[in-house]
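Everything below concerns the one structure shown next.
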Amino acid sequence: MFGISYWFLPLFAGFVWLGTLLAMLGTWLAKGSPHYAWQGANQHVTYISDVGATRWGRPLFITGSAVMVVVFDLAFISERWLRHKGRLSHNYSTTEKAMSICATIFAIIGAAGLIFLTIFDTRDYPRVHDSMLAVFILGYIISAVFICAEYQLLGKHFREYRILRTSFWIKLAFIFVELRLAIAFGVTEYKGALNVSGYLEWIVSLVYIFYVWSFIVDFIPAVHTKPQHKRFPPVRRDDDEMAMNTQAQGSVTGGPVYSSGGYGNGHANQGEEDSYGSQQPMAGRENLYNPSQQGVVAPVYSGGYGHGRGNQAELDDYGSRQPMAGREELYNPPQQGVVAPSRNF
């Protein structure tokens, strides 16, 4: 993207938010930690919103918050696009895609909450400000829940990708930590412990930065999959289920097992990717059979159920490898070591 890898989006968004908070806090300290008229009488720890309601802090708060959430939401949209293009592991089912879309929607809702709470400051619009603060926090927490659900489903089908598990646990930790901190912040503010709630608000905002930066992990595989031939193979669920059935049948009959061509699962090399949907055996199973020869059709052998239709000679051949009478013209005589493959799906 414009010559910059996608991991730059969450990195930049996190630093913008960190820079905004540090600039607001540093300026407040440089001004001698003033006490504002809209603060509590015994409040010594300022809220971020208190600084954001000042004449000098309001434009900084609005600009920094808007830039951060817009760039961060672009990371959500980019993640969905990269999975669609094979730069990241494909979604295996429509449920995973729905989870990804819901995560993006709630991230946008949370972003709107942050922008509106900066516009409707706590000095002039305290109720609207508190409502938008709740929308901001809950929006991103619910978004994180949907992301964890998506990554949990992805991890079941791509167990070899440890990066999915790492990202899942980071985001799950964010949900528990941020939710508890947000509840503690609301309870302490409601009870009038404004200094404690002030500390908690700053902690909640800083923890949010690490959540933003956790998306850097998600975009790391996209660095190596920019060339077309290095991208993740497409996933086709129907082909995968049929491949599992074919493998089970092949194991019972002793015949070769063919690849489905739809679910590489990250193990296929370039040669196997090129044989997508072909009649090539799965890798590592070549030594189980000799290559089939053209013109050889599987004969039908006599079994143990004559039901009175076979003559005595055929019944005497019970269990032998002789073809049934009257069926010789349907095949060429089988050759030693050749087992006919099962029909491809």
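Note that the numbers count up from 1, one per residue, in the order the chain is shown.
Just so it is clear, glycine is given a Cβ too, placed from its N, Cα and C backbone atoms.
The domain 'CWH43-like N-terminal' feature in TrEMBL is assigned to 6-221.
If you look up TrEMBL, you'll see 248-345 marked as region 'Disordered'.
Residues or ranges marked as transmembrane segment by TrEMBL: 7-30 (among others).
Within the same chain, residues 6, 9-10, 12-14, 16-17, 19-20, 23-24, 27, 48, 51-52, 103-104, 107-108, 110-111, 114-115, 118-119, 143, 212, 215, 219 sit at least 6 positions outside the transmembrane segment (60-77) and bring their C-beta atoms closer than 8 Å to a C-beta of that stretch. Annotation comment: TrEMBL describes 60-77 (among others) as transmembrane segment.
Marked as transmembrane segment by TrEMBL: 98-120 (among others).
Positions annotated as transmembrane segment by TrEMBL: 132-154 (among others).
Among the features that TrEMBL reports, transmembrane segment is placed at 166-187 (among others).
Same-chain residues lying 6+ beyond the ends of the transmembrane segment (199-223) with a Cβ under 8 Å from its Cβ atoms: 5-7, 9-11, 13-14, 17-18, 21, 25, 45, 47-49, 68, 72, 75, 78-79, 82, 87-89, 137, 140, 144, 161, 163, 166-167, 170-171, 174, 177-178, 181-182, 184-185, 188. Per TrEMBL, the feature transmembrane segment maps to 199-223 (among others).
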Region pair the transmembrane segment (98-120) / the transmembrane segment (132-154), three or more CB pairs under 8 Å: yes
